[in-house]
Structures are given as structure tokens and as C-alpha cells.
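Going by Swiss-Prot, these are the annotated features:
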BINDING   T14, S15, G16, K17, S18, T19, R120  ATP binding site
BINDING   S18  Mg(2+) binding site
BINDING   D36, R60, G82, R147  substrate binding site
Amino acid sequence: MKKPSLIFLTGFSTSGKSTIGPLLANSLGFEFIDIDKEIVDREQKSINEIFAEKGEPYFRELEYNVLSSISQSEDLVVALGGGTLENDKCFEFIRKAGTLVYLKSDVATLARRLSHKEDRPLMKGENGEKLSIEDISDRVEKLLAKREPRYSAAEILALTDKTPLGVTIENLTRQIERHIRANCKTN
């Protein structure tokens, strides 16, 4: 059964899921988990190590396992990985389980933020070299075009590139509280 107070944050890498998530959870009086952090804790390996040693399909299965373990939760904000929704099983689970919130940023903002992150696979070329901002922008644009249809399935949208963090949290809190009230009346 769909639980409107089980909140899933989606968006591209560096869109703000891990930053906004705990602040939003606190504002709502909810708990918070970050799927990537949960996987790292369970596996005792970094995301990059998991991808390198066991591959993406294994990682996507881990994501689904974490989602399944929280399926009965309420009053919880979950930061998804940037590519979680690419997994059909995860996407369908999330749509049926709770409320999807899309944290959207433009390509230039995402590329700029990514250029400051050393630990992201998107930052590296085929031989492990750091990419130029132009190459990062190209990658972001291609991946975003692929992921956008799933991101756009969200019930709530927040633009995170030009809005101050505090304003984003306030706006999202109001939108989510309205969404929960509206959906509690219909259930």
C-alpha cells in the first residue's frame, strides 16, 4: 500500500539529495536514510569498489534490497542514488510504496558541482583521468536525457540550482505536508 509519508528523493548526482535529505527529514520530524550510505555500510566497501568488483547489476540489486527492507516504514525520507530509478524493479517499487520528489538542477550546475567531486565515477575518463568541465557536461546531458522520464514521474518537483537551501527546505516541507494531508483524506 502506498504510504504518502515515505518520501523518496531522486535526482542526478549532486542535485542535493544527501544534503537536502537530512534537513528535510528534520523539518518534517521524520527519520532519514541515504541508500548509497546504507549500501556502503552493509557491504563495507565504497560504491566505486562495489561497481569495480561486482558490477552495476549487483549494485542495483543491493539498492532494491535496501528499498525492500524499508517498505513498511512511514515518516521517512530516503535519498536514492542518482541512477536508482533506472532499475525497473526499484522504479515500480518506489511508485507503489511512497511519494517521489525530484530535485532538479540544470546541466551546467550539475557539471560544475561534479567537477569538485573526486569520488564520482562520472568524473573519470576511461583510463581514470579527470575529465574537463566540457566532457562532464556532455556526460551529464546524455545521462540526464536518459533518466529524465523516470525523474519526471515524481509527484513533487524542487529546483535546486538557484534556490537557497533554506528556501528549498521550507518549500519542500510545505509541499510534502500538503501532499500527505491530501492523500490521507483519499485513503
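Cβ coordinates are placed from backbone N, Cα and C, and glycine is handled just like the others.
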Looking at the binding-site residues D36, R60, G82, R147, whose Cα is closest in space to that of S15 (ATP binding site)?
G82
Rounded Cα separation (Å) that holds between G16 (ATP binding site) and R60 (substrate binding site):
21
Rounded Cα-Cα span from S18 (ATP binding site) to D36 (substrate binding site), Å:
9
Based on Cα coordinates, which of the following binding-site residues are within 10 Å of K17 (ATP binding site): R60, G82, R147?
G82
Could you give the maximum C-alpha to C-alpha distance in Å for the residues D36, R60, G82, R147 that bind substrate per the record?
18
Lowest local Cβ density among K17, R147, which the record lists as binding-site residues, within 10 Å:
R147
Which of the listed binding-site residues (T14, S18) has the least company, meaning the fewest other Cβ atoms within 10 Å of its Cβ?
S18
Between the Cα atoms of S18 (ATP binding site) and R147 (substrate binding site), find the distance and write it as a whole number of Å.
19
Candidate nearest T19 (ATP binding site) in space, where candidates are the binding-site residues R60, G82, R147 and distance is Cα-Cα:
G82
Taking the mean position of the Cβ atoms of D36, R60, G82, R147 as the substrate site, which residues outside that list, in the same chain, have a Cβ no more than 8 Å away, listed in sequence order?
S13, E63, L80, G81, G83, T84, L85, E86
To the nearest Å, how far is the Cα of G82 (substrate binding site) from the Cα of T14 (ATP binding site)?
8
About how far apart, in whole Å, are the alpha carbons (Cα) of T14 (ATP binding site) and R147 (substrate binding site)?
15
According to DSSP, collapsed to three classes, what secondary structure does G82 (substrate binding site) have?
coil
